[in-house]
Amino acid sequence: MSEESNPTQRTYEHLILSCIHQSSLVDAQWVHRHLHENGFDQDPFLATKLINMYSSLDLIDDARKVFDKTRKRTIYVYNALFRALSLAGHGEEVLNLYRTMSSLGMPSDRFTYTYALKACVASECLVSLLWKGKEIHAHILRHGYGGFVHIMTTLVDMYAKFGCVAYASAVFNQMAVKNVVSWSAMIACYAKNGKAFEALKLFREMMLKTEEDVGPNSVTMVSVLQACAALAALEQGKLIHGYILRNGLDTILPVISALVTMYARCGKLEVAQQVFDGMDKRDVVSWNSLISGFGAHGHGKKAIDIFKDMISCGISPSPVSFVSLLGACSHAGLVDEGRALFQAMRKEYGIIPSVEHYASMVDLLGRANKLEEAAKFIDDMRIEPGPKVWGSLLGSSRIHCNVEFAERASTKLFQLEPANAGNYVLLADTYAEAGKWDEVKRVKKLLESRGLQKVPGRSWIEVKRQIHSFVSTDEFNPQIEQLHALLCELSSEMKEKGYVPQIKVVLYDLGEEEKERIVLGHSEKLALAFGLINTSNAEPIRITKNLRLCEDCHSFTKFISKFARKEILVRDVNRFHHFRDGVCSCGDYW
């Protein structure tokens, strides 16, 4: 950089921008030194530029020093540091500084609010900072910033990250003007918080209300594909695929990776493979999508082969790669392979195991009925076992009806997450199968005393591009009487061919006939009956379940696939079950 006899503010601005463009630390330090020597060190405008410069060079400490030495701090100086701290992940520091700024009477502007809201999400202790986000929301409304699209969109995003879907939806619905970013933020909120049905509904609304030049973008497509995957909505997924191709979004890596996941989670592994094979370039996310897809279908060895191909292509695995791999081994019962991968993760690839990896290993060992080894594995952990790890042990104990380990895991879980009703239900399930009805009653009373309710089983099925939802107590479906009648008829006919209802899954000490009536009304059976009535003979039935498939529904569906000569695919919370000719792809290992 050349010297200038009388540098001006504009000169230094251009020099700083040049340093940012060239990512040059040496030049940055030279400019900063000369700026100081020429008496511009207290210029608030140049202070914002210096903070931006150091932020772009990942020198957050230097950015802080510029801020600290600037005596006349304008809102722009504050915003520059807020932005730098947010990008560096120092959310709590932003909030502390925001509090200080407010106490000094410095009014916020639209950028301040955006950075402060993002800081709530970037901070470690998310739950405790929700109140701060709500407080900022109140400030925004009080000071007349509720009409700024990008601020309200950031609010939607913040509530989404906290899992406050109702708050996010209220903010979104009150927005007078919406752009593609705000629509995408709300769709993503639904998709990432277990409301895939609502995500697809909102996407259809977006397509009707937005103009062509502000239509869905790649971010929208990723969220919509995630929703299709969650519901196994293959036909809608195909429509989205067509839109992606027509609008030239098929060159964007996250979109194609989401497509691979969508087809895999809709049971179309061959199409997922074709999409993957047709990619011009692939990143680790693309490979992980394929590994996860084959793993969830129980093809553990194939998932490991794909992982080896990824390594041979020079792609370094990520922590997610090993979560997918260990999950694949768990679904296929590949204990030795899972152990080897867990060891290789640290030794060969330098990835330190997280809680997710430990939970996957406990799940792998537990499902294989190696509960003693799973418990010892937890005892030897280098980090504190969290709810996920103990949850894996409890789930495995439930599968193998091991009361001792179920009690051990649930004792920890009741302390760690006392409001999670699912843990109480799993323990009660274990007691019920063991015939310990007094213990079942005790756990149910504990559940009731804490004001908790079991998550109701819900199943979805896509027929003629429409998503239909079922719960066991659903009396509003216009075909409900027909569905119950069909199920009773099928049950009677299949009993003659060897079907025996698995009434042990009922948590009530009732007579056999009443228990049979209860299991016959499970949501996946209602969805299955709906599929039998409303699909052609050659058309496969695809069902998604929000909980683990129970033993009776598994047995019932196996019989139906043979009895009705129907291909049936059920995806529960753990894996895929592909039923054909009376056999399930899981080999009764789930």
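Including glycine, each Cβ sits where the backbone N, Cα and C put it.
Beyond its flanks by at least six residues, the repeat 'PPR' (74-108) meets 44-45, 47-49, 51-52, 54-55, 58, 60, 63-64, 67, 115-116, 118-125, 129, 132, 139, 143 of its own chain at Cβ-Cβ distances under 8 Å. Taken from TrEMBL, the feature repeat 'PPR' covers 74-108 (among others).
DSSP assignment over the repeat 'PPR' (179-209) gives 27 helix, 0 strand, 4 coil. Look at TrEMBL and you will find 179-209 (among others) tagged as repeat 'PPR'.
The repeat 'PPR' feature in TrEMBL is assigned to 283-317 (among others). Counting only same-chain residues 6+ beyond the ends of the repeat 'PPR' (283-317), those with a CB under 8 A from a CB of the stretch are 253-254, 256-258, 260-261, 263-265, 267, 269, 272-273, 276, 324-325, 327-329, 331-334, 337, 341, 349, 351, 571, 575-576, 578, 585-587, 589.
A Cβ distance under 8 Å defines the sequence-distant neighbours of the repeat 'PPR' (318-353), meaning residues of its chain 6+ beyond its ends; these are 284-285, 287-288, 291-292, 294-301, 303-304, 307, 310, 360-361, 363-365, 367-368, 370, 382-383, 574-575, 586, 589-590. The repeat 'PPR' annotation in TrEMBL covers 318-353 (among others).
Among the features that TrEMBL reports, domain 'DYW' is placed at 498-590. Across the domain 'DYW' (498-590), the prediction's mean pLDDT works out to 87.
Across the domain 'DYW' (498-590), the DSSP tally of helix, strand and coil residues reads 37 helix, 16 strand, 40 coil.
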